[in-house]
Amino acid sequence: MSVVDEFLSVKIPSVIYKDDCGYCYETMYNEEGELSHHLNVCLSCYQSFCDAHLDLHGHVVQSALNEHHDFFLKLSKVKKQASEERTEKKLKLEIKEKAEDEIYDTLWWLVKGGVCSVDYTTPGLDLTVQDKVAQILRAHSKNFEQMAQSWQLEIRSCKHVESFQMPPGPSDNISKCCGKCDLATNLWLCLHCGHVGCGRQQVGIDGHSHALKHFEEHPDHSLAVKLGSLSDVSADVYCYACDDEVKFANQDEWRNLLAHWNIDLKDKVAQEKTLVELQVEQNMNWDFQMVDSQGHELQHLQSSKEYGCGLINLGNSCYMNSVLQVFFNGGVSKWSVEGLGDFPVDVVYPSTNLKCQLIKLRNAVVDNPARYSKGIRPSSFKACLAGSDEEFQSGRQQDAMEFLSFFVDALDKKIFNSSSTNPDDHIRFMLEDRIECNNCHGVKYISQASEFLQIPLSESEEPQNLIDCLERFFKGETLEFKCPQCKKLISATKYSRFQTYPNTLIINPSRIKLDNWIPVKTAAELTLPGVNPDDDTRLQLGQYKSRGFDSNNETLLPEDDDSAFKPQEEALSQLMEMGFSSNAGTRALFHTGNNDTEAAMNWLFSHVDDSDLNDVFKPDSKSSDIVDPSALESLIAMGLDSKLSRKSLILNKGDINASVEWVFNNMDDDGSIEEEPSLKKTVQLYGDSNAEHAQYALRAVVCHKGNSVHSGHYVAFIKKVIEGQSKWVLYNDEKMVVADDPKNIEEIKKNGYIYLFSK
């Protein structure tokens with residue numbers, strides 16, 4: 001079989017990995033008009049690789065699958081000269097988005113066994129070969145497909161879809177242009193009669209709304225499909241009566257309907273962008289200007305080993321970019337993934353493997369950043385890391401602090417779970433809670449591994465000082481708990497201390513306050529040591545070192561069953577008189593503060609369908625004895641779930657504002673508190689117990705501007721040595737600039753969301 005015949009016999013999928021090389025961030029785009037960038041699309045597995053990594057791909061598939069992948073379509077896109085672009089422009093008043101073919105010339109070569117026998121210059125080439133190449137080029141890139149899916153709104157059926165009747169009789173072939181004008185793109189097929197009309201005019205899309213006018217003339221013809229959107233995995237169906245996108249839930253019915261109009265979805269590839277895809281592109285190409293207080297451009301830095309390289313915004317991914325920069329670019333002292341070594345040879349699809357993506361990201365940002373002067377798109381890394389997580393796989397803005405915790409947790413579980421050298425341990429430390437009964441003065445010590453300190457700010461908009469906030473945090477608080485010695489609910493004093501100190505301490509100031517019980521982000525100025533680049537002042541934390549249990553002067557509270565939760569007898573009796581079981585009543589009182597029969601009854605009515613309502617109730621005594629009932633009542637009074645509220649109070653050490661924020665950010669949490677026995681076995685290894693070493697210099701800051709941590713924009717500031725002086729470098733997605741303007745210091749003070757201090 002000839003190379004051409006073999007190529008024509010290849011079945012092209014609708015989605016192909018062709019954004020960049022599977023092992024690096026090389027692309028097929030040549031911006032300077034030079035032919036130096038290529039991608040080779042493997043016609044066996046439909047992944048793409050640069051020339052430098054073809055041998056690695058061949059070695060991997062031979063080793064893992066005992067296969068020989070040696071047939072590739074080599075692609076290169078070369079930017080056209082300005083004069084060429086001008087000759088192809090159409091004189092139109094409306095704004096029109098350029099098609100990629102208007103900007104780039106596409107060059108291609110068929111390579112078999114390392115030999116190119118057919119290419120774009122081959123004379124007398126069959127048009128079917130050109131069509132096959134075009135089909136590969138039109139296939140959605142995997143990363144773009146993931147972005148489109150993440151932005152996809154939940155599209156439902158409607159009454160017009162549910163009552164739709166198949167049109168009677170045979171159908172004619174549908175028109176290839178609008179029935180009212182000569183437009184051949186943005187065409188919508190009426191599913192009721194087969195009329196073809198153009199859609200509405202939008203930015204980048206021509207249209208005269210003739211499909212809509214057809215509906216206005218025939219009100220019972222409400223359903224239409226965009227012809228250019230049709231493929232075996234996509235379709236834009238619109239209901240003009242509902243004025244909304246809809247879908248046919250029954251795919252067999254949908255395929256039969258299209259077959260009635262002589263449309264076969266088999267091997268069909270979408271020809272035009274959907275509205276969702278257009279929105280994705282706008283977000284992916286979003287730009288942001290950075291100037292100083294005089295309006296002058298800040299000094300841009302070139303990609304290098306000293307400064308790393310930029311990370312391009314994928315559409316609301318600035319939260320991820322900022323966190324990755326501080327981890328990979330020196331914000332976390334001694335943190336590194338160099339220990340991962342080279343790419344594993346047993347992973348055939350590196351774009352779907354998190355370890356491969358970490359190595360790929362490390363190679364670009366740390367080892368060879370100068371290669372990527374315009375930044376990189378960490379889209380396959382984001383897809384691998386997020387996995388099936390609904391929020392982080394989406395294109396919505398996220399909380400950078402939540403992402404930091406998610407990132408660390410994912411690396412712990414998926415990459416370093418069996419490793420003795422986990423780089424995340426550099427941010428871990430042991431925090432010790434000391435609880436003293438104010439009646440018998442018995443004490444209880446609880447140690448837990450932590451990765452950051454969440455420090456509440458006062459609700460005042462006046463300037464605040466981080467040192468004062470830390471003093472308030474470590475001063476302690478008064479709460480109520482069930483004392484196992486006194487056998488009753490009683491006042492206790494609780495305060496936290498460092499049992500050990502991390503190499504890098506992450507501090508998250510809680511900038512959320514409640515405004516009419518609605519969490520609102522504040523921009524109170526926070527003064528902190530080391531914020532000015534030439535300020536060598538260090539954060540001293542040795543005074544907050546735990547002394548540990550003093551056997552000469554303290555008495556430990558007993559650890560026995562008496563410390564377990566016990567329902568208030570009168571309230572439980574009243575609930576049982578209403579017909580509820582003892583187990584159900586106990587469960588309700590536990591979740592509502594144990595002193596309000598009416599609240600417990602309301603809880604029972606809202607959980608009457610719970611399958612475990614009448615099962616024997618065994619609460620977690622460790623957590624139940626340190627929750628302030630009044631704080632729990634406050635959260636429940638806001639309409640928040642009681643179980644979730646209890647968990648939030650435990651995780652946030654009784655801080656109501658922080659607990660409210662946590663609940664709003666974790667509405668899909670089931671409220672259960674997982675035990676991590678593996679963590680308990682190794683907690684003693686985290687951090688340094690020497691208080692003399694607890695002196696920290698501000699190394700990096702993640703800043704956020706916006707009214708909510710789930711909107712707005714995130715950037716990172718990292719201290720670097722520039723021309724012999726310590727200066728802040730601002731990482732704003734793909735841009736890296738010297739941030740030596742007073743305006744930048746004010747941003748760090750007012751909008752700092754994550755502060756990283758290193759020893």
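Note that Cβ sites are derived from N, Cα and C of the backbone, with glycine treated the same way.
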Which single residue out of CYS190, CYS193, CYS198 does TrEMBL record at the Zn(2+) site shared with CYS178, CYS181, HIS210?
CYS198
Highest Cβ count within 10 Å among the binding-site residues CYS178, CYS181, CYS198: which residue is it?
CYS198
Neighbour count (Cβ, 10 Å) for CYS318 (active site, nucleophile):
26
DSSP helix/strand/coil residue counts for the domain 'UBP-type' (156-265):
25 helix, 19 strand, 66 coil
Return the count of C-beta atoms lying within 10 angstroms of the C-beta of HIS210 (Zn(2+) binding site), excluding that atom itself.
20
Mean pLDDT, the domain 'UBA' (566-607)?
86
Quick check for you: of the recorded positions CYS198, HIS210, HIS713, which have their Cα within 10 Å of the Cα of CYS318 (active site, nucleophile)?
HIS713
Distance check, please: Cα of HIS210 (Zn(2+) binding site) against Cα of HIS713 (active site, proton acceptor), rounded to an integer number of angstrom.
40
